[in-house]
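Asks: If you look up TrEMBL, you'll see 1-26 marked as signal peptide. Here TrEMBL flags C168, H170, E204, H243, H442 as Mn(2+) binding site. Under the heading domain 'Peptidase M20 dimerisation', TrEMBL lists 267-364.
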Amino acid sequence: MSKRHQLRAAALICAALLLTSCAATSQNNVSTSGQPALAAAVGAGAQVNGVSSAASAPAWLNEAIEAEYPNTVQMRHYLHQHPELGNQEYQTQAYIADFLSRQGIKVIKGTEHAPTSVIGILNEGKGHAVGLRADIDALPIKENTGLPFESKAKGLAFGKETDVSHMCGHDAHMAMLLSAAKIMAEHKDDIDRTVVFVFQPAEEGDSIDNPYELEVQKLSGANAMVQDGLLKRYGIEHMFGIHVMARQPSGRILIAKGPTLNSVDAFLVNIEGKQAHGAMPWTGVDAVLTASAAVVNLQQIVSRNIDLTKGMGVITVGRLSAGETSNVMAGSAEFEGTIRANDAGIRSKLLQRIPEVMDNTARAYGAQADTRIIEIYPVTYNDADLAEKTVANMQGWGLDAEISTWNPGASEDFSFFAQQVPSVFMFLGVDAPGAENSANNHSDKFVIYDEALKAGVAAHLAAALETPL
């Protein structure tokens, strides 16, 4: 592969694949009810699908969240103006570590494979342990929101300068978890367990090395922390994560049971034929024709090899390039795309069949195919029982939480935590009251209604304090 193609492939992986690993478009219409981000606590007795909760918000909850709110917003705006790309979040790491230390929370900066991570530990060794996660990296996108705290930052993605911004809302994730950590530290004597605050880098993927140039792929931020022993070292029994979402009303919390987000993988196929004069195609091997057949045959994998009664699978080719001019039959072609599934078995079948079909299609046309697959993130599964109990507890705290079947179709490396311990990944609506057709996550115009952050802080507190361990 030429250097030009390598760089282009890497850029497209970052933009077309890993950019969509974090969040995607909600097709739901926005509620204009203007519900408050944090309702008054409604006491005990909430039921979700028959699951009763004795949970009710602690007396200090609303006052603590309201008192902390200006700081939550200030932190979010500061972090928004100072974004950093995956595995380069050193200033972000320093900011988080300093804040946690000032709250009296034990801080560990970096692990072997996640050097820019931060781990905070409250009440170490007390009771059981629960983990709360926030991702900390930004995107190679130029922000065009016009906000007074709009990002003007630059960074390097695969060695090339790019604009950098928090267009997926990780600034909000950090601010909400930092504020929740501060409130918990102030009330640590009321907490009967160890709470581990996990500030994870590189959810959007590594921004340093071109994945197609590596013999051994780098681990994503979550996978790196799992492999470095995060869960076992601190005895974490459950993990929770929150992701802000556009086109959902402010403060609404959606939690699914079972498959919550899709797996994501990438593929790059190089077709080698034989260049020839366009008027004499019989003297060569047409790489364009071969690539065209290969792209069509990819879609037949989904329609003929996948049991769609068990879930869904998607193969999309996002780029195809071949040829130099109109009267020369191309001797080589290259295309790449994304693979998605909401079932582990379907994902496995897709990863198996793509190289087989590419090889056989190329040979049928007298060409050769070199297929490279980058396995990125598995399916994110919420533990069904824990999801129901979490929603019941949050409703008992007065939060606008519900069990939902909505899957935005995106992907997340929180899945690596969920593979190891029962976990819940939830979506938090951040649209302002009355908003319509708001810009989605990963749009250059994506904005967050700050009032929604209160519900996110409360959700972290409810997950940490009420989870049955």
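Cβ atoms are placed via backbone N, Cα and C, with glycine included.
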Asks: If you count, for each of the binding-site residues H170, H243, H442, the other Cβ atoms lying within 10 Å of its Cβ, which residue has the minimum?
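Replies: Selected from the binding-site residues H170, H243, H442 on minimum Cβ neighbours within 10 Å: H442.
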Asks: If H, G and I count as helix, E and B as strand, and all else as coil, what does DSSP give for H170 (Mn(2+) binding site)?
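Replies: Reduced to three states, the DSSP call for H170 (Mn(2+) binding site) is helix.
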Asks: Looking only at the domain 'Peptidase M20 dimerisation' (267-364), what is the model's average confidence as pLDDT?
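Replies: Result for the domain 'Peptidase M20 dimerisation' (267-364): average pLDDT 97.
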Asks: Using DSSP with the three-state reduction, classify H442 (Mn(2+) binding site) as helix, strand or coil.
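Replies: Going by the DSSP assignment, H442 (Mn(2+) binding site) belongs to neither helix nor strand, so it counts as coil.
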Asks: By DSSP, how many residues in the domain 'Peptidase M20 dimerisation' (267-364) are helix, how many strand, and how many coil?
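Replies: Breakdown, helix to coil: 43 helix, 32 strand, 23 coil.
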Asks: If H, G and I count as helix, E and B as strand, and all else as coil, what does DSSP give for E204 (Mn(2+) binding site)?
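Replies: The residue in question, E204 (Mn(2+) binding site), is coil (DSSP, three-state).
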